[in-house]
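Please read the structure below before turning to the comments.
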Ligand code: AMP
């Protein structure tokens with residue numbers, strides 16, 4: 001796996017696909033600069049080598065040229081974070097981009113305008129990719145969030161750099177971390193899958209049954225399993241048409257020797273509300289009019305034992321409706337168990353939109369081994385797919 005550390009960028013123009021798709025407020029201020037910060041190590045190494053940096057990214061989902069989605073909005077923030085002026089080209093290809101690229105000196109940074117102003121980007125157009133490719137000497141992909149898309153700048157472009165292409169440090173770290181869970185994992189391996197629905201996680205569950213020793217199933221998914229097993233789930237969320245599938249997963253797990261752990265008790269509420277009355281009940285005996293919104297104390301005790309015995313832990317999805325304080329305890333406690341296991345030497349990877357939000361909200365970011373930034377891309381890797389953006393560099 002070639003990374004930027006395998007290249008000397010002195011007097012080279014590095015064309016880097018970054019993910020600067022950051023959230024903006026109504027005045028076009030960057031409200032969360034995590035993604036820009038995440039690209040800094042790669043940019044710094046290239047500048048330190050004496051190379052110049054040309055950044056390309058998408059922002060939002062513009063239909064054609066629409067300056068509301070201009071990457072120009074983030075130039076000030078990017079300059080602040082990267083510690084020097086970030087120059088901006090109001091086009092990502094053509095004469096204007098070429099001129100801007102020619103003006104850039106070693107040690108300087110240029111940001112190209114939103115790639116998605118051209119429909120060719122998402123279409124994976126070869127001519128468009130070739131035009132982009134003409135702007136740099138070495139292609140670097142550091143955008144994990146779009147690695148599962150065969151877009152011009154993420155995948156197609158790589159063919160124009162048969163030897164001079166590599167991963168940025170962020171993307172390399174993502175791949176390495178996922179491989180530590182999926183390929184060269186230390187046993188026992190435990191996956192915690194929470195969130196709302198079985199249907200959105202089913203391919204992940206099926207794929208990782210081959211790779212884990214324990215699977216903790218929590219969150220709203222719990223109730224589809226419990227109902228399928230004959231329990232009474234009251235008004236809890238449930239996908240009735242997935243009950244057969246739930247039983248099939250349990251059967252497969254038995255066959256593969258994977259131990260499945262489902263909550264035995266839950267915090268039930270008489271409404272889906274932060275002001276609801278609550279009680280702890282057996283997960284199989286939830287009264288009508290009540291719904292399970294978080295894992296109960298006995299369940300957490302069981303989960304703790306499993307987590308503390310694990311050497312590798314993957315966490316995707318909250319154990320309850322953590323957005324409401326009353327139902328956040330399970331998710332927070334799980335974070336504590338994983339933090340403790342990590343401190344004792346386990347490798348822990350957290351990923352998937354809502355678990356990342358939970359980890360940040362409750363301050364676990366520095367207590368787990370790695371927090372993955374690419375929601376969709378990570379899920380596809382967990383599903384066992386080969387991501388086109390990664391394959392194009394390895395090719
Ligand atoms: P997902 O996007 O599938 O990972 O689901 C995350 C969402 O699942 C969060 O917004 C949680 O509030 C929600 N969730 C977790 N547990 C439950 C539950 N027991 N009932 C309803 N929603 C839940």
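Cβ coordinates come from backbone N, Cα and C, glycine included.
Annotation comment: TrEMBL describes 19, 20, 21, 35, 58, 59, 60, 61, 116, 149 as substrate binding site. Annotation for residue 19 (substrate binding site): spatial neighbours 35, 38, 39, 57, 142, 143, 144, 145, 146, 373, 374, criterion Cβ-Cβ under 8 Å with sequence separation of six or more.
Annotation comment: TrEMBL describes 35, 116, 149 as (2R)-3-phosphoglycerate binding site.
Annotation for residue 355 (ATP binding site): same-chain Cβ neighbours under 8 Å, separated by at least 6 residues, are 194, 195, 315, 316, 317, 318. If you look up TrEMBL, you'll see 201, 292, 323, 352, 353, 354, 355 marked as ATP binding site.
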Spatially closest candidate among 201, 292, 352, the listed binding-site residues, to residue 58 (substrate binding site) (Cα to Cα): 352
35, 116, 149 excluded, remaining Cβ within 8 Å of their centroid ((2R)-3-phosphoglycerate): 19, 21, 57, 58, 59, 115, 143, 145, 146, 151, 154
Where residue 149 ((2R)-3-phosphoglycerate binding site) falls in three-state DSSP terms: coil
Binding-site residues compared (60, 292, 352) - the one with the fewest other Cβ atoms within 10 Å: 60
Rounded inter-Cα distance in Å - residue 60 (substrate binding site), residue 354 (ATP binding site): 20
Assigned conformation of residue 354 (ATP binding site) - DSSP reduced to three states: helix
